[in-house]
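What Swiss-Prot annotates here:
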type	residues	note
ACT_SITE	K32	active site, proton acceptor
ACT_SITE	Y257	active site, proton acceptor
BINDING	R128, M305	substrate binding site
MOD_RES	K32	N6-(pyridoxal phosphate)lysine
Amino acid sequence: MNILKISKQTLRNNIKIIREYIGNAKMCFPVKANAYGHGIEDIVENTHDLVDFFAVANSLEAFRVTAVAKNPVLVFGVIYYEYIEKMISENIRVSIQDYEDIEKLEQIAKELDKKVYAHININTGMNRMGVDYNDACRTIQRAYESDWLILEGVYSHLACADNRDHPTNIKQKNRFDSIVKFTKGLSQDIICHLSNSYGFLGQKGICYDMVRPGILSYGFLPEFYVDRVIREIKPIARLLSKVVKIITLQEGEGVGYSLIYRGFEGEQLAVIPIGYGDGFPRELGDRGFVNINDVMYPMAGRMSMDSLTVSLGINEYDVKVGDTVELISAIPRNRNSAFSIAKQTNTIEYDIMSTLNDRIIRKII
């Protein structure tokens with residue numbers, strides 16, 4: 001059995017640290033992609049009293065949030081109109097991505113005789129989603145004047161927040177400042193938000209009315225310098241499994257597909273029942289590390305869909321079937337932390353955590 005153990009205390013402490021750091025700004029907690037792999041229902045249930053909003057990528061994720069909490073939920077992605085009636089009935093906040101969305105939403109709202117809560121996503125330089133910057137003011141004005149829309153927020157997203165000195169950050173901030181000025185001229189109550197985790201850490205002055213700290217809430221810090229108080233934030237989860245079999249190699253034998261790992265006579269291998277079918281990175285095979293009884297052991301051979309093997313050498317520490325295996329550590333400096341695994345596999349911590357799938361049990365402790 002593979003379990004992602006999540007520390008409720010660490011999670012809540014992370015959020016409290018962030019809230020203190022951002023001052024009076026509201027906190028919108030992103031829980032998309034199954035709460036970055038941590039389990040959306042459990043995360044929402046244990047944080048709803050600490051945050052102002054939750055944010056997700058699509059309608060189906062939003063329904064999972066509203067099933068366990070009453071906080072406002074913002075959907076970042078495009079509007080799936082097949083779900084729009086339920087979204088409106090549950091007061092889920094939609095993101096207007098194009099001027100044309102306004103008329104479509106108005107027509108549906110009229111039919112339901114219920115207003116739609118909306119945030120307008122403005123493309124200030126990410127060039128992925130959102131209303132074109134040059135059309136922003138017209139779209140904001142139109143939505144604000146609508147009898148069927150409640151324009152609750154206006155937002156954008158930073159493209160290069162992980163590089164605090166990138167010139168695009170200033171360009172996007174300047175553009176967003178002009179949008180904020182126009183928006184606040186209509187109403188001071190409209191929530192303006194730009195910053196993800198690395199955005200407000202790189203430049204505290206861009207918190208505006210609300211911030212969206214996703215990866216930071218789960219305990220992952222940027223590589224650039226941040227204030228000492230932020231350094232108290234810790235990863236909230238450990239991925240654990242068990243040794244299910246010990247194998248002793250004979251002379252000339254190997255292990256796994258294509259037998260790319262060739263051991264020595266008498267070498268012992270531990271079989272762990274987790275693989276890329278669980279969302280664990282296949283690239284770790286033959287180069288990753290696991291922790292068994294406070295000793296690091298290297299993976300041996302290719303990772304399979306449902307299992308991996310590690311070399312115990314001569315097994316001088318007497319690893320046994322049933323021993324606990326730590327696959328992902330909550331200590332960033334460890335060789336099996338999400339940070340270290342991301343470096344080994346040329347990716348980011350978001351990827352390592354969010355791809356862990358539902359074959360892995362989530363447990364809040």
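Cβ atoms are placed via backbone N, Cα and C, with glycine included.
These numbers come from a predicted model, not from an experiment.
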Largest tally of Cβ atoms lying within 10 Å of a Cβ, found at which of the recorded positions K32, R128, Y257, M305: K32
Conformational class of Y257 (active site, proton acceptor) under the three-state DSSP mapping: helix
Residue pair R128 (substrate binding site), Y257 (active site, proton acceptor) - Cα distance, angstrom, rounded: 40
